[in-house]
Amino acid sequence: FAEELNVLFQRFAKIFIGCLAAVTSGMMYALYLSAYHERKFWFSNRQELEREITFQGDSAIYYSYYKDMLKAPSFERGVYELTHNNKTVSLKTINAVQQMSLYPELIASVLYQATGSNEIIEPVYFYIGIVFGLQGIYVTALFVTSWLMSGTWLAGMLTVAWFIINRVDTTRIEYSIPLRENWALPYFACQVAALTGYLKSNLNTYGERFCYLLMSASTYTFMMMWEYSHYLLFLQAISLFLLDIFSLEQSDKVYEVYKIYIFSLFLGYLLQFENPALLVSPLLSLVAALMLAKCLQLNVKKGSFVAKIIKVINFYLVCTLTITLNIIMKMFVPHKENGHMLKFLEVKFGLNMTKNFTMNWLLCQESLQAPSQDFFLRLTQSSLLPFYILVLIICLLSMLQVIFRRINGKSLKETVTLEDGRIGERPEIIYHVIHTILLGSLAMVIEGLKYIWIPYVCMLAAFGVCSPELWMTLFKWLRLRTVHPILLVSYYFFFPRLMTELMELQEFYDPDTVELMTWIKRQAPVAAVFAGSPQLMGAIKLCTGWMVTSLPLYNDDDLLKRNENIYQIYSKRSAEDIYKILTSYKANYLIVEDAICNEVGTMRGCRVKDLLDIANGHMVCEEGDKLTYSKYGRFCHEVKINYSPYVNYFTRVYWNRSYFVYKINTVISFQS
């Protein structure tokens with residue numbers, strides 16, 4: 001009895017220390033982000049306007065709606081104004097909650113007022129505090145996932161260490177706090193942790209039930225937070241489908257996960273204002289196809305030759321049904337086709353050529369290009385990439401070994417012990433290997449997807465390094481009898497560098513933008529409409545509340561067309577053409593940015609003015625293209641000189657080193 005009590009105590013102590021380490025890691029990371037953000041922007045020493053300017057591009061739009069919710073007389077009124085919003089973009093009424101996935105802002109505003117935080121903390125600190133807290137949950141979930149896979153919480157510590165060391169490639173939280181992915185990915189990490197536990201073969205009933213409930217809640221929340229979440233869940237569903245093919249024992253559990261997908265999709269459809277994108281998503285088509293194909297396997301004896309043939313037929317059937325169902329759904333469900341996304345992929349993979357400004361502008365974005373050599377160099381220097389490749393190779397070879405055993409009709413052990421060295425038989429390991437390979441394949445094409453892939457690379461590599469079972473598998477192949485798990489103490493190596501970053505004095509100083517926003521708030525009429533680059537328009541919406549002609553959002557065809565038209569102020573077009581474009585959107589003021597007009601830093605062919613010249617035929621893009629000579633100079637240069645006909649259409653009312661503001665004349669005089 002004393003021996004059993006001692007074993008229980010050791011097990012409890014191990015779990016307690018592991019949980020304490022997981023929670024502490026998450027809290028320390030959240031505090032680190034808060035301290036780093038303060039040192040980078042000197043946030044506490046700045047005025048409200050200067051703080052808001054630190055939110056750039058689409059981040060400014062998201063935070064501006066959080067402010068609007070706090071200003072609303074009631075929550076119901078605030079939601080109504082956002083769902084029937086006609087005060088942001090001129091001549092356009094939008095459902096901002098649906099179009100921009102503003103559920104995080106709705107939740108944050110409710111929590112801020114319901115908890116009485118308005119008497120304790122400023123709104124901006126509450127907002128960024130929630131996001132930093134979610135990042136703490138993010139790394140805690142990764143910690144737990146690696147712990148569940150390896151059996152030791154040291155793997156979780158190593159996961160967190162690698163995540164922080166490689167944070168340039170694991171997260172964008174340091175640059176754009178309100179991004180949807182920063183709100184959503186922590187919930188996905190919780191879902192993956194719950195799924196990992198759920199797939200384990202030796203899980204008891206209570207643990208299985210807890211994992212299932214956590215997985216259900218986190219899947220639905222993830223889907224509500226990010227408009228692209230169903231694409232990531234689609235990749236996860238493919239991973240589970242392939243797992244089902246390799247691991248017959250987990251088939252029932254996999255189909256329970258499919259039910260969670262269906263429930264989340266339909267509940268999300270109803271609560272996201274009947275969002276048709278969820279009904280025509282590939283996730284729903286795949287899950288429906290898998291459910292239909294399951295009927296073929298019901299009465300077939302497992303392990304028989306017929307069952308193997310059925311597996312092959314099943315794979316083909318699922319692929320065919322998925323495509324067919326998706327086509328049928330798109331035929332019968334009214335939806336806005338993301339035509340620009342399909343065109344982008346065609347051009348990205350060389351299937352088509354285009355001179356379209358929007359497509360070429362997207363292709364020039366660093367996050368949408370293939371990874372650079374620096375990316376692989378950083379991962380190699382931190383030792384993450386070499387260990388990930390090693391762990392991946394061992395797991396893949398072990399999986400292939402299991403598959404060949406199955407093909408040859410050899411039965412698998414019901415319980416796999418450490419000495420067996422068969423890590424490829426564990427369903428949760430198979431899932432994670434397939435999942436990281438799928439994510440990595442996409443990240444090799446579009447670098448921006450590395451922020452989804454690398455956190456799970458950290459987790460899988462840390463699991464492998466700290467897992468005795470993985471090394472036992474390797475050493476059994478090498479015919480060695482003993483194994484000593486390898487542990488890395490990366491914290492001590494990189495800890496001084498992290499502390500140095502916190503001690504460095506940085507300063508975010510943008511007086512020209514502060515002066516511009518101050519002038520707009522003091523001098524511009526309340527009903528004025530401003531035109532300019534989408535990024536600047538986002539800042540104007542946040543800092544002043546004035547209406548704008550465009551927004552830095554790329555999921556709406558109409559907004560993309562507006563952005564392209566407004567960008568014509570940097571092209572070689574006549575004053576009359578620009579005037580007609582601006583007045584068609586009821587713009588009263590035009591803002592020309594010197595940084596775009598005189599842009600020289602980026603690669604030639606990717607500058608805004610170059611892309612406009614290519615689209616307008618004023619620059620040769622490929623051999624055989626016809627060059628159209630423009631008799632007009634570049635508008636953003638010519639309008640500064642103040643001569644006719646430019647002064648007839650535009651009157652300069654404000655300028656500083658970075659910005660030139662012109663009032664768009666309503667009465668035009670052509671007197672020279």
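Including glycine, each Cβ sits where the backbone N, Cα and C put it.
Nobody curates TrEMBL annotations by hand; they come from automatic prediction.
Small disclaimer: the values here were computed from a predicted structure and weren't measured.
Here the transmembrane segment (12-32) has Cβ contacts under 8 Å with residues 132-133, 135-140, 143-144, 147, 153, 156-157, 160, 163-164, 498, 502 of the same chain, all six or more residues outside its ends. The transmembrane segment annotation in TrEMBL covers 12-32 (among others).
Taken from TrEMBL, the feature transmembrane segment covers 124-141 (among others).
Non-local neighbours of the transmembrane segment (147-165) in the same chain are 14, 17-18, 21-22, 25, 29, 32, 139, 193, 196-197, 200, 382, 384, 428-429, 432, 455, 458-459, 461-469, 485, 487-488, 490-491, 494, 498; each lies 6+ residues outside the stretch with a CB under 8 Å from one of its CB atoms. According to TrEMBL, the feature transmembrane segment maps to 147-165 (among others).
What TrEMBL records for 232-248 (among others) is transmembrane segment. Remote same-chain partners of the transmembrane segment (232-248), defined as residues 6 or more beyond its termini with a Cβ less than 8 Å from a stretch Cβ, comprise 188, 195, 199, 219, 222-223, 254, 257-258, 261, 281-283, 286-287, 290, 302-303, 311, 314-315, 318, 399, 402-403, 425, 427, 430-431, 434-435, 438-439, 442, 452.
What TrEMBL lists as transmembrane segment is 279-300 (among others).
According to TrEMBL, the transmembrane segment annotation covers 312-333 (among others).
Per TrEMBL, transmembrane segment is recorded for 385-404 (among others).
Outside the transmembrane segment (429-446) by six or more residues, the chain places 149, 195-196, 199, 235-236, 238-240, 242-243, 246-247, 348, 367-371, 392, 395-396, 399, 423, 452-454, 456-457, 459-460, 463 with a CB less than 8 A from a CB of the stretch. Sequence annotations record features per position, and here TrEMBL assigns transmembrane segment to 429-446 (among others).
With a cut-off of 8 Å between Cβ atoms, the residues of this chain six or more beyond the transmembrane segment (452-471) that come close are 138, 142, 145-146, 149-152, 154-156, 158-159, 162-163, 166, 169-171, 181, 185, 189, 192, 232, 379, 384-385, 387-388, 390-392, 394-395, 418, 421, 423, 432-433, 435-436, 439-440, 442-443, 483-488. The transmembrane segment annotation in TrEMBL covers 452-471 (among others).
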Legend entry - Chain residues outside the transmembrane segment (124-141) and at least six past its termini with a C-beta under 8 angstroms from it: 22-23, 25-27, 29-30, 33-34, 37, 48, 51-52, 63, 66, 108, 111-112, 117, 159-160, 163-164, 171, 173, 177-178, 182-183, 185-186, 189-190, 192-193, 455
